[in-house]
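> According to Swiss-Prot, the record shows the following:
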| type | residues | note |
| --- | --- | --- |
| BINDING | ARG51, THR52, ARG101, HIS129, GLN132, GLY258, PRO259 | carbamoyl phosphate binding site |
| BINDING | LYS79, ARG165, ARG220 | L-aspartate binding site |
Amino acid sequence: MGARDFLTLEGCDRGELREILELAAGCEAGRMDGALAGKTVCLAFFEASTRTAVSFELAARRCGADVISLSERGSSISKGESLVDTVVTLDRLGADAIVLRHPAAGAARLAARFAAAAVVNAGDGCGQHPTQALLDLYSLSRSVGGFEELAGVRAAVVGDILHSRVARSVIPAFRAAGVELALVAPRTLLPVEAGVWGLPVLSSVDEALEWGASVLYMLRLQRERMTGARVPSVAEYARYYAVGRRHLEAGVRVMHPGPVNRGVEIAGDVVLDGASLIPDQVAAGVAVRSAVLALATGVAQEVAA
């Protein structure tokens with residue numbers, strides 16, 4: 001089977017999510033080690049990244065692929081070359097998969113139009129971040145006792161939803177898995193599509209706990225993407241939308257895609273608390289992204305056959 005682009009989780013159903021996470025569990029157990037031998041994976045990261053970039057590289061290497069890393073500073077994009085021309089170049093040089101991180105929403109979909117290689121969306125501006133949502137589901141499912149136990153779990157997505165590509169992937173993925181969701185954000189940080197999602201909108205972390213949330217999915221306040229004043233002040237924002245130690249008394253699990261701004265969306269002493277799934281989310285990155293690379297290159301189907 002040939003290349004399969006991996007751009008979004010919109011339209012992905014519960015069965016498809018289960019299959020991907022089962023494959024990730026197999027990858028974690030080592031069943032895909034060396035399976036990408038002879039394949040070339042290009043990591044084209046044109047926006048800053050730590051967790052996503054490192055875990056994709058570790059995943060590709062663990063699966064046996066040859067890995068090429070490209071950044072804006074080290075590529076002809078710094079000389080004015082377009083994204084399309086860069087992608088075509090990587091494709092013609094023989095990349096089997098192009099893992100793309102880009103500051104513009106829709107960049108991965110654009111790249112996929114011009115590449116025969118599989119394009120994997122590693123985050124495109126305020127657009128999508130599908131592999132993050134998958135590793136979040138993987139981590140949460142393990143914490144509740146398995147994928148089937150996700151049905152009926154109540155989770156609140158808290159913070160800067162407007163600028164969050166993670167939220168735009170987490171929301172459809174969690175809903176497809178049966179998780180009940182609510183949004184917790186000031187009106188100035190809600191996107192237009194929030195009305196289409198049809199989810200309850202709450203005004204504080206305290207209200208989310210009253211709603212019955214057992215999971216608080218915290219989002220970073222993305223001040224670098226803001227074009228104007230969206231909140232009165234960081235202190236005022238944290239008063240309503242930050243999770244502190246007192247919230248842990250309700251027995252909630254805390255999640256965050258990273259990077260964490262300690263003291264803004266999460267109190268510093270909560271990040272590594274036993275109630276925090278953040279370390280588990282990071283650890284899940286290699287297995288989940290190994291599964292995505294195996295699916296994108298067609299190797300997973302070949303091994304299964």
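We count from 1, first residue shown onward.
In case you wondered, yes, glycine gets a Cβ from its N, Cα and C as well.
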> Apart from ARG51, THR52, ARG101, HIS129, GLN132, GLY258, PRO259, which residues in this chain have a Cβ no more than 8 Å from the mean position of the Cβ atoms of those residues at the carbamoyl phosphate site?
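Output for this site, in sequence order: SER49, THR50, ALA122, GLY123, VAL166, PRO257.
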> Which residues, sitting 6 or more apart from GLN132 (carbamoyl phosphate binding site) on the same chain, put a CB under 8 Å from its CB?
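For GLN132 (carbamoyl phosphate binding site), the qualifying residues are THR52, GLY123, VAL166, SER169, VAL170, PRO257.
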> HIS129 (carbamoyl phosphate binding site) has how many other Cβ neighbours within 10 Å of its own Cβ?
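Looking across every protein chain shown, the total is 26.
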> Binding-site residues LYS79, ARG165, ARG220: which have a Cα within 10 Å of HIS129 (carbamoyl phosphate binding site)?
ARG165
> If one looks at the chain holding ARG165 (L-aspartate binding site), which residues at least 6 apart in sequence have a CB under 8 angstroms from its CB?
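In sequence order, the residues whose Cβ lies under 8 Å from that of ARG165 (L-aspartate binding site) (at least 6 apart) are ALA105, GLY123, ASP124, GLY125, CYS126, GLY127, GLN128, HIS129.
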> Across the listed carbamoyl phosphate-binding residues, ARG51, THR52, ARG101, HIS129, GLN132, GLY258, PRO259, what is the farthest Cα to Cα distance, given in whole Å?
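Max Cα-Cα spread across the carbamoyl phosphate binders: 16 Å.
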> To which of the binding-site residues ARG51, LYS79, ARG101, ARG220 does the lowest count of other Cβ atoms within 10 Å belong?
LYS79
> Check the DSSP secondary structure of ARG51 (carbamoyl phosphate binding site), expressed as helix, strand or coil.
helix
> Does DSSP give ARG220 (L-aspartate binding site) helix, strand or coil?
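Going by the DSSP assignment, ARG220 (L-aspartate binding site) belongs to neither helix nor strand, so it counts as coil.
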> Can you check what DSSP calls LYS79 (L-aspartate binding site), collapsed to helix, strand or coil?
helix
> Using a 10 Å cut-off on CB atoms, tell me which of the binding-site residues GLY258, PRO259 is the least crowded.
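Each of the binding-site residues GLY258, PRO259 was scored; lowest Cβ tally within 10 Å is PRO259.
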> What binding-site residues in the list ARG51, GLY258, PRO259 lie within 10 angstroms of ARG220 (L-aspartate binding site), counting C-alpha atoms?
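Hits: GLY258, PRO259.
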> Please report the distance from the Cα of GLY258 (carbamoyl phosphate binding site) to the Cα of LYS79 (L-aspartate binding site), rounded to the nearest angstrom.
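Cα-Cα, rounded: 31 Å.
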